[in-house]
Amino acid sequence: MEMLVVSLTVFVLALFVGVEIITKVPPNLHTPLMSGSNAISGITLVGAILSAGSLGPQVATILGFLAVIFATINVVGGFMVTNRMLGMFRRKD
Amino acid sequence: MGSALINLAYLAAATLFILGIKGLTHPRTAVRGNQLGAIGMLIAVVTALVDQQVVNYVWIIAGLVIGSGIGALMATRVQMTDMPQMVALLNGFGGIASTLVAGAALLDALQIDVTLVTIQFAIATAASGLIGTVTFWGSMVAFGKLQGIIKDVRLSGAQIINAILLVIALALSVWLVVDPTATWIYWAIVLVSTLLGLSLVFPIGGADMPVVISLLNSYSGIAASAAGFVLNNNALIITGSLVGASGIILTSIMCRAMNRSLTNVLFGIWVAGEEAQSSDEVYGGRVKAANAEELAMLMETARRVVIVPGYGMAVSQAQHAVRDLVNLLEERGAEVEFAIHPVAGRMPGHMNVLLAEADIPYDKMKEMDEINPSFEQTDVVIVIGANDVVNPVARTNPSSPIAGMPILNVDKARSIIVIKRSLSPGFAGIPNPLFAADNTLMLFADAKKGALDIMNALKAV
């Protein structure tokens with residue numbers, strides 16, 4: 001139970017940090033914000049790697065393997081497409 | 001690597017994510033911000049790989065290779081106009097990954113020791129399964145709608161179905177907490193959540209997709225966070241929470257920009273206007289169609305021109321033609337700016353990305369509040385493929401379905417040119433008196449062709 005409270009504390013504090021920063025992102029960059037934050041939500045990849053590589057039952061390994069694929073698409077696709085979009089934004093020259 | 005060290009590495013990753021998003025607060029620092037995020041992810045992945053729990057690398061490497069290949073292909077191939085679809089897919093994949101991770105973690109834990117499945121573990125597992133699956137299927141429907149594969153349907157009673165499905169999913173979740181050894185319950189939650197995800201997004205209209213995508217973005221974050229509670233992993237909890245916050249903020253910005261409550265959007269409800277005017281009453285003989293030559297004459301003397309892009313510009317890939325027209329106008333000494341409504345397009349910031357793709361500098365793209373006071377000093381406004389976001393009825397008729405929606409006040413400009421294929425109504429389904437205004441000229445054409453025609457006519461003047 002103590003663990004849960006610690007985790008919840010972290011969750012709630014992170015929520016406030018998120019709100020604080022994200023309200024400062026200008027509308028110009030809302031699409032890259034979505035794809036970029038999307039990429040980092042692929043952090044589930046960490047859990048997927050732990051499942052796919054551990055000594056669990058075969059089914060869990062396969063689920064982990066599929067999760068690695070999906071999460072990696074999310075991460076790689078997300079960061080790359082965000083990078084591509086942001087590269088297009090330029091100032092008046 | 002000791003567990004303290006591992007947790008420090010995850011903390012470093014989370015810090016880089018926060019700095020990364022902070023970088024996105026300005027276009028100058030944004031590319032670097034995104035790279036910081038990617039470095040954070042690399043640290044997190046390497047940390048997971050060296051975790052002593054990991055003993056077999058075959059599946060991991062295979063998954064990383066396949067996933068990277070598909071991800072890279074999608075990211076390099078996708079057209080900027082299709083970015084909403086891309087983000088919908090990515091949201092969905094993140095969601096399903098969380099579902100799979102939670103399922104695998106449950107099976108792993110049960111094999112080692114039942115007591116590992118604490119109440120926190122079981123609740124978080126159920127939450128990951130529910131939210132992750134809803135995110136996945138909701139995103140697939142959103143993708144289908146954006147891609148035009150799934151047509152808009154008005155489902156009556158969807159609210160009741162959703163409520164019932166949610167209650168069943170929650171009841172199953174409670175059951176899983178009581179008896180975590182019955183893993184079939186987890187898959188039953190996934191099944192019910194599949195139905196819930198489908199029925200949640202099916203009744204939502206295409207033009208409400210900015211809200212839906214933002215919301216699903218938020219869900220994908222919350223699902224990752226829930227998976228973090230399962231694994232007791234702070235990196236997942238922090239990151240998921242950040243993304244959850246981001247999605248919710250964007251959702252509320254989108255709702256405010258349409259003056260619709262989240263409930264109305266989610267249930268496909270339109271507040272019916274008392275007596276909506278028919279299009280004959282509004283347009284009847286007052287709409288003036290013009291050809292490109294006439295419009296070119298009008299623009300020839302314009303000192304200040306504002307362009308209002310909408311979804312129609314994306315559909316016809318007109319951004320490059322628009323850029324050429326802007327360059328020509330600027331060569332002739334006019335000042336040109338873009339007025340961008342928050343819900344123009346199919347996702348937040350959609351128009352900005354398209355214009356950036358066409359090399360239009362971001363300092364020319366103005367937000368609604370910034371540009372609205374300047375319309376009175378604007379000689380010509382060109383509305384390209386936008387409708388509801390420039391409908392003055394929102395301001396003037398309190399019984400209209402879009403009453404109170406903040407709009408771009410283009411009707412205050414000296415002349416207005418509307419490039420549109422027909423007089424067909426926008427998503428709100430109501431006629432737009434702007435098209436019949438004295439100072440409005442209609443150019444009935446596809447956005448791209450219209451922009452090109454005006455440009456060629458202007459060159460000939």
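Using the three backbone atoms N, Cα and C, a Cβ is placed for every residue, glycine included.
Record features, source TrEMBL:
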DOMAIN    B:7-456  domain 'NADP transhydrogenase beta-like'
TRANSMEM  B:6-24  transmembrane segment
TRANSMEM  B:31-50  transmembrane segment
TRANSMEM  B:56-75  transmembrane segment
TRANSMEM  B:87-107  transmembrane segment
TRANSMEM  B:119-143  transmembrane segment
TRANSMEM  B:155-178  transmembrane segment
TRANSMEM  B:184-204  transmembrane segment
TRANSMEM  B:211-230  transmembrane segment
TRANSMEM  B:236-255  transmembrane segment
Average the per-residue pLDDT over the domain 'NADP transhydrogenase beta-like' (B:7-456) and send me the rounded value.
91
Same-chain Cβ contacts of the transmembrane segment (B:236-255) under 8 Å, 6 or more residues past its ends?
13-14, 17-18, 21, 210-211, 214-229, 261-262, 265, 342-343, 348
With pairs restricted to those 6 or more apart in sequence, evaluate whether the transmembrane segment (B:184-204) and the transmembrane segment (B:6-24) have 3+ C-beta pairs under 8 Å.
no
